[in-house]
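Now, the feature entries from Swiss-Prot:
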BINDING   435-556  nucleoside 3',5'-cyclic phosphate binding site
DOMAIN    569-598  domain 'IQ'
REGION    549-564  region 'Calmodulin-binding'
TOPO_DOM  1-43  topological domain 'Cytoplasmic'
TOPO_DOM  65-76  topological domain 'Extracellular'
TOPO_DOM  98-128  topological domain 'Cytoplasmic'
TOPO_DOM  150-162  topological domain 'Extracellular'
TOPO_DOM  184-198  topological domain 'Cytoplasmic'
TOPO_DOM  220-329  topological domain 'Extracellular'
TOPO_DOM  351-621  topological domain 'Cytoplasmic'
TRANSMEM  44-64  transmembrane segment
TRANSMEM  77-97  transmembrane segment
TRANSMEM  129-149  transmembrane segment
TRANSMEM  163-183  transmembrane segment
TRANSMEM  199-219  transmembrane segment
TRANSMEM  330-350  transmembrane segment
Amino acid sequence: MNLQRRKFVRLDSTGVDGKLKSVRGRLKKVYGKMKTLENWRKTVLLACVVALAIDPLFLFIPLIDSQRFCFTFDKTLVAVVCVIRTFIDTFYVIHIIYYLITETIAPRSQASLRGEIVVHSKATLKTRLLFHFIVDIISVLPIPQVVVLTLIPLSASLVSERILKWIILSQYVPRIIRMYPLYKEVTRAFGTVAESKRVGAALNFFLYMLHSYVCGAFWYLSSIERKSTCWRAACARTSDCNLTVTDLLCKRAGSDNIRFLNTSCPLIDPAQITNSTDFDFGMYIDALKSGVLEVKPKDFPRKFVYCFWWGLRNISALGQNLETSNSAGEIFFAIIICVSGLLLFAVLIGNVQKYLQSSTTRVDEMEEKKRDTEKWMSYREIPEYLKERIRRFEDYKWRRTKGTEEEALLRSLPKDLRLETKRYLFLKLLKKVPLLQAMDDQLLDALCARLKTVHYTEKSYIVREGEPVEDMLFIMRGNLISTTTYGGRTGFFNSVDLIAGDSCGDLLTWALYSLSSQFPISSRTVQALTEVEGFVISADDLKFVATQYRRLHSKQLQHMFRFYSLQWQTWAACFIQAAWKRHCRRKLSKALREEEGKLHNTLQNDDSGGNKLNLGAAIYA
C-alpha cells in the first residue's frame, strides 16, 4: 500500500511538472516574439515610468462644491485612472509571473549581451527573489482602486484626504524601488538606457518634470485637507455646530451647514492676518483663491496644468517663495520641496553637463590638435598650399570619424571579436565590388581581416605613375580619375573615371604570379576628384592571402582579375587599336595594289600608237 501511494504521488508530481513546463513553454513562445529579453525589460521599465505618472492622478479625485460647501469626487477621473492603472498593473503582473516561472522552476537570470539567458545558482536566486518579490507584490496591490471604487459609491463616510495621500505614498516608494533592478539589468546589457545623448538629456528632464507634477498633486490634495481642517476648527469653536464627518459630503450637506460654512473660513493672505481666530492657510492659499479646488470635472486639464506649474515653479525656486503656517505637516512638506528641488536640480545639471561634455570634450581635443598642427606647420615652414591640404584633410577626417581612432579601437579588441567586427564592416562592401564577387566567403573573410579604412581629400594622389604600388584600394564612396601615358608609344594618354565599387592598384596579378618580393611599379596615376572613403589591403597581406588560399589561382578568377584590371584593359585597348590600324593599313595597301594592277593591265592592253601618243600628250599636258 505504501509503495502504491509513493508511486501515485510520484506520478502526480510528474504531471504537475509537465503542466508547469507546458505553461513555461507557452510563455516562451509569447516572449519569443520579442527581439531579445532586454527589449522586454525595456518595455517593462517604460511601463513602470508611466505608472509613476498615473498614480498621482488619484490625488486629483476630491473636489470642493463651491455652491453647497461640501466635498465631492470626480467620478470620470476615477474611472479613467482606475482603468489605466489596472491595465499597467496587469502588464507588470505578467512580467512577475514570467519572472517567477523562469527563475524558480527553471532557474534563469539576466540575459547576456547577445540576449542569451544565463543560469544562476539557487543561493543567488534566493537572495535576489525575496526582497524584489515582496516589493513587486506591494506595488501592484490595487489598494487605491479599492478605496475610490468602494467607498465613493457607498458614501458611508468621507474618504479622508490624509488616508488617500498615505496610500498613494506607501505604494509610490515600492514602485520606484522595483524600477532599480530593471534599470540595472538594462544598463548591464546595453551600457545605458538612453541610446543617444539627446534621449539621455530628455530622460533626466522628464524625471525633473515628473517630480514637479507629483509635488503639485500632493499640494492639491493637501489644500483640500487644509480646507477641511478649517471647517472642523470653525465648528469646534461654535457651540451650536453639529457638523460630523459625513455632513461634509455633498449628499448629506444641508442649508444650515451652507450658511455656517460660507463665513467660517475667509481666504486671507498669511501676511494680512491680524486676528488670532483667522485661519492661516499658509502656502495653500493660492489653490483656494485660484479656484482649482472648486472647478467642475470637465475642467480637469486646467486644474492639472495649474498644479503642475505650481510644483515646477517652487521646485525650481527651491521653495523660497513659500509662506507656510505653523502647521508641522505643511512645514515638513515645504522642507521636502526645498531639499528635493536642490538635489534634483543638481542631478539634472550634472547629467546634462555629462551628456554635453561627452561631445564637447572631443571637440576641445580636436581644437587643441589643430593648434598643435598649426604650430608644427609654422615651425617647419610648410608652404601655404600644403597647409591648406593638411587642414582640409583633418577637417574631413573629423567629420567622418568624430575623433575616433578606428584602427586603434579594432586593435584593442580580442582576435575573434576583431575579426567578427571587421567582417560586419567590410563583407557587404566587398561583395559589391565586381572584382571580388566570384570569391567564396572564406576568401572574403581572409581579406576582411586585413583591410583598413582610409580617407582622401579632393586632389589627393593615391598612387603616381612609376612609383611602387604598396596598397590596393577599394572605393566605398567618392570619385577618382586614373590616367596613364604608358602605352608603348610617344604621346599616348588614357584616362578612366573610378566610382564606388571600383578598385585601383592592381596587385592581384603580382600576388598570384610574381616570385619577387619587390613591389610592382604603377603604370597609372590615380587622383581623387572628390572626398574619397575606402579600404585598403597592403601588398604583403594580399601576397599572404594568395599564398595561403590556392583557390585564387583558378582560371576563372584569373580571367576575372584580368577583365577588371585597368592595366589589362588598357593593354587590350592598345592591342585592339594596333590590330585595327594594321588591318586598315593592310586593307589600304591591298586596295592600292589592286588599283595599280588595273592601271598596269590597261596600259598593256592598249596597242594603238595614237592612243599611246594621245596618252603621252595627255600626261604631258
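Placement of Cβ uses the backbone N, Cα and C atoms for every residue, glycine included.
Taking the features listed in Swiss-Prot, we show where each one sits on the structure.
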{"residue": "LEU451", "record": "nucleoside 3',5'-cyclic phosphate binding site", "DSSP (3 states)": "coil"}
{"residue": "GLU467", "record": "nucleoside 3',5'-cyclic phosphate binding site", "DSSP (3 states)": "coil"}
{"residue": "THR483", "record": "nucleoside 3',5'-cyclic phosphate binding site", "DSSP (3 states)": "strand"}
{"residue": "ILE499", "record": "nucleoside 3',5'-cyclic phosphate binding site", "DSSP (3 states)": "coil"}
{"residue": "GLU531", "record": "nucleoside 3',5'-cyclic phosphate binding site", "DSSP (3 states)": "coil"}
{"residue": "THR547", "record": "nucleoside 3',5'-cyclic phosphate binding site", "DSSP (3 states)": "helix"}
Those binding-site residues listed as LEU451, ILE499, and which of them has the most Cβ atoms within 10 Å of its own Cβ: LEU451
Chain residues outside the transmembrane segment (77-97) and at least six past its termini with a C-beta under 8 angstroms from it: 27, 40, 44, 47-48, 50-51, 54-55, 57-58, 60-61, 133, 136, 139-140, 142, 144-145, 148-149, 152, 297, 300
Cβ-Cβ distance under 8 Å to THR547 (nucleoside 3',5'-cyclic phosphate binding site), same chain, at least six residues away: none
Mean per-residue pLDDT computed across the topological domain 'Cytoplasmic' (1-43): 50
Same-chain residues near the transmembrane segment (163-183), Cβ under 8 Å, at least 6 residues beyond its ends: 41, 44-45, 48-49, 51-52, 55-56, 58-59, 61-62, 128, 132, 135-136, 138-139, 141, 143-144, 147-148, 193, 214, 218, 221-222, 225
Which of GLU467, GLU531, all binding-site residues, has a Cβ with the fewest other Cβ atoms inside 10 Å: GLU467
Tertiary contacts of the transmembrane segment (199-219), as residues 6+ beyond its ends and Cβ separation under 8 Å: 52-53, 56-57, 59-60, 165, 172, 192-193, 283-284, 287, 307-312, 314-316, 333, 337, 340, 344-345, 347-348, 351-352, 355-356
Cβ neighbours of THR483 (nucleoside 3',5'-cyclic phosphate binding site) where a neighbour is any other Cβ within 10 Å: 13
